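Annotated features, as they stand in TrEMBL:
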type	residues	note
DOMAIN	132-504	domain 'SAM-dependent MTase RsmB/NOP-type'
BINDING	Cys238, Ala239, Ala240, Pro241, Gly242, Asn243, Lys244, Glu270, Asp299, Asp319	S-adenosyl-L-methionine binding site
REGION	328-381	region 'Disordered'
COMPBIAS	332-351	compositional bias 'Basic and acidic residues'
ACT_SITE	Cys423	active site, nucleophile
REGION	538-584	region 'Disordered'
COMPBIAS	560-584	compositional bias 'Acidic residues'
Amino acid sequence: MSLYHEAAEFLTKSPTEGGSLKARVFRRKNLKSSPNQLYALVIETCRWSEVLTEIIERSDLLKLERKLTPALALLLAHDLLISKGGIALPQSHGLRVSMERHKGRLTSELTLARLRRKAPSMAVLKDQVLKASAGEESQYPRWVRVNSLRSTLEDQLETTFSNYARAQSLDEIMAAGSEKKIYIDPHVPNLVAITQGTDLTKTEAYISGKVILQDKASCFPAYLLDPRSEDGHVVDACAAPGNKTTHLAAILHDHEPEFEAESQIIYAFEKDSKRAQTLEKMVKAAGSKEVTRIAFGQDFLQVDPHAERFAQVGALLLDPSCSGSGIVGRDSMPELHMPRAPESKKAKASDKGAPGNPRKRKHAEVEDDEERRTIRDDDGNETVLNSERDVAARLEALAAFQLSIILHAFQFPAATKVTYSTCSIHDQENEEVVMRALASDVAKKRGWRILKRGDQVAGMRDWPVRGRPKPCNGETEIAEGCIRSFKNDGRGVMGFFVAGFVRTREGDGTGSSDDGPYVRDEDGMILRDVLGMPVLKSTGAPVSLEGKTQEKRAEQPVSSEEEEEDDDAEEEDDDEEEWEGFGS
Ligand SMILES: C[S@@+](CC[C@H](N)C(=O)[O-])C[C@H]1O[C@@H](n2cnc3c(N)ncnc32)[C@H](O)[C@@H]1O
């Protein structure tokens with residue numbers, strides 16, 4: 001079966017499997033075509049289907065080529081007229097011949113369709129098509145985190161975003177239309193919002209890991225955790241694809257003291273080996289490899305918190321699988337238009353439900369039925385649910401798993417900071433899990449409590465949307481400590497939840513305070529002398545630079561990217577020698 005026949009099936013048949021197009025394509029076994037190619041063809045054809053339907057009908061293609069079904073005509077017309085590569089079939093293939101003999105007529109119809117839409121060029125038409133077919137995401141800004149391991153905000157403003165006008169508010173970004181505008185986020189450091197429409201993935205900054213596309217809310221957990229040199233090693237318990245792991249690495253880099261300090265490691269666990277490979281790629285691209293140890297396929301719950309190698313783990317970021325109900329545009333699928341089949345021709349079995357029936361149909365509508373029965377978590381796993389009771393049971397199962405992750409993290413002997421986050425909007429997975437964690441034996445025994453709003457990093461303290469008091473049993477301090485965000489509330493972010501837990505080591509009798517050896521101001525920032533050296537609590541005097549400066553200087557690469565690559569190669573060898581896996 002050709003790519004086009006397989007794609008036509010996805011385009012026309014009501015899904016029997018449920019789930020988004022992406023999930024259905026990637027889950028389908030025995031596909032002859034590459035799932036990536038197939039998915040791209042179907043989704044792009046949907047985007048262009050209104051224009052292509054007009055072209056096919058006006059050119060009478062289906063009357064002239066009786067072997068073509070409406071879906072095949074749509075897919076082939078897409079590749080013939082729109083795709084750079086043309087039709088992906090041998091020149092003598094019947095389908096390709098059927099299309100190419102009408103190329104002149106179809107191309108003229110494309111020009112007329114473009115002119116009817118008042119688009120002076122194909123580029124403008126493409127822009128229009130993309131906008132018209134954009135889903136929920138188009139109402140949101142695009143969030144971009146500047147990766148401080150590879151670049152700085154200033155550098156990016158002068159390079160990647162040099163032709164963007166500075167916006168004074170997020171509203172300006174949302175109202176900017178096609179104008180390129182940029183807004184520097186007031187809550188999360190190194191984060192900007194830009195107008196939708198530009199494909200940043202093609203830029204040098206994206207390819208080289210200088211910028212990372214990451215929703216603002218997804219930046220909250222690492223920022224709230226705020227790992228500092230005195231916190232020791234860090235755990236990212238559920239790490240793939242790695243947005244938060246790489247954010248943690250950038251924050252460690254930003255907080256790296258100029259003076260002698262133990263080097264810090266991020267232990268990144270990922271239960272799913274395939275996703276762990278994505279994590280590895282992201283960690284490498286973001287320049288975080290040196291500080292990150294990935295546990296491929298390792299279940300965090302099977303890891304022994306008391307193992308020697310975790311003795312210095314002071315901070316843990318927990319971002320476990322959840323219902324994903326806060327994700328923006330997860331299932332959005334462009335509206336599909338189908339050319340009408342010629343009158344005399346009976347609709348082929350493979351075209352049932354497409355033309356003749358309502359000519360326009362939203363994939364979402366087809367999937368709505370499925371949606372009632374299917375919930376998809378943020379890892380893309382789907383569960384078929386038949387009733388409200390099923391939904392409640394699924395949320396309870398997720399909540400029980402999420403709670404077990406927190407309780408496991410609470411056991412790490414040196415841990416004093418934990419963040420827990422979900423991209424869910426459900427109380428059951430959010431405040432209710434927090435309350436259950438705080439009420440647990442391990443929390444009580446070890447002195448874990450909520451990180452109060454007043455003790456949070458400045459940007460999180462200022463963020464106005466807080467936890468819901470009701471599921472916190474009216475305990476406002478806990479609700480205020482929880483941070484929420486909601487879709488469609490004008491703040492331009494996804495639905496999200498994060499809470500921090502802290503404890504002092506006195507809580508379990510180990511006797512040291514949890515904010516490290518340096519004097520801090522009321523924002524929790526380390527006090528420094530005029531040279532920027534941190535002031536020690538023990539002596540009241542700044543730390544001496546001796547020793548470290550020379551060592552640092554000796555570590556500096558001579559320069560050049562080539563050297564960086566060489567370094568990488570060496571690190572790989574080093575890693576292989578040093579790292580023997582996590583075990584339990
Ligand atoms: C919400 S995603 C994490 C997203 C990630 N923190 C990021 O920001 O890019 C949850 C991840 O946790 C992984 N996971 C689920 N249970 C796990 C466990 N017990 N141990 C380790 N990883 C787990 C899933 O495979 C999935 O990749």
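Don't overthink the numbers, they just go from 1 along the chain as shown.
Including glycine, each Cβ sits where the backbone N, Cα and C put it.
Feature map: annotations from TrEMBL on the structure.
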{"residue": "Cys238", "record": "S-adenosyl-L-methionine binding site", "DSSP (3 states)": "coil"}
{"residue": "Lys244", "record": "S-adenosyl-L-methionine binding site", "DSSP (3 states)": "helix"}
{"residue": "Asp299", "record": "S-adenosyl-L-methionine binding site", "DSSP (3 states)": "coil"}
{"residue": "Cys423", "record": "active site, nucleophile", "DSSP (3 states)": "coil"}
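Comparing Lys244 (S-adenosyl-L-methionine binding site) with Cys423 (active site, nucleophile), their Cα atoms are 13 Å apart once rounded. Non-local neighbourhood of Cys238 (S-adenosyl-L-methionine binding site): Phe269, Glu270, Lys271, Phe300, Leu318, Asp319, Pro320, Ser321, Ile405, each in the same chain, at least six residues away, with C-beta under 8 Å from its C-beta. Its Cβ taken as reference, Asp299 (S-adenosyl-L-methionine binding site) is surrounded by 14 other Cβ atoms within 10 Å in the chains shown. Taking CA atoms as the reference points, Asp299 (S-adenosyl-L-methionine binding site) and Cys423 (active site, nucleophile) are 20 Å apart. Cα to Cα, Gly242 (S-adenosyl-L-methionine binding site) and the residue listed as 'active site, nucleophile' are separated by 15 Å. Ala240 (S-adenosyl-L-methionine binding site) and Cys423 (active site, nucleophile) have their C-alpha atoms 14 Å apart, to the nearest angstrom. In the predicted model, residues of the domain 'SAM-dependent MTase RsmB/NOP-type' (132-504) average a pLDDT of 88.
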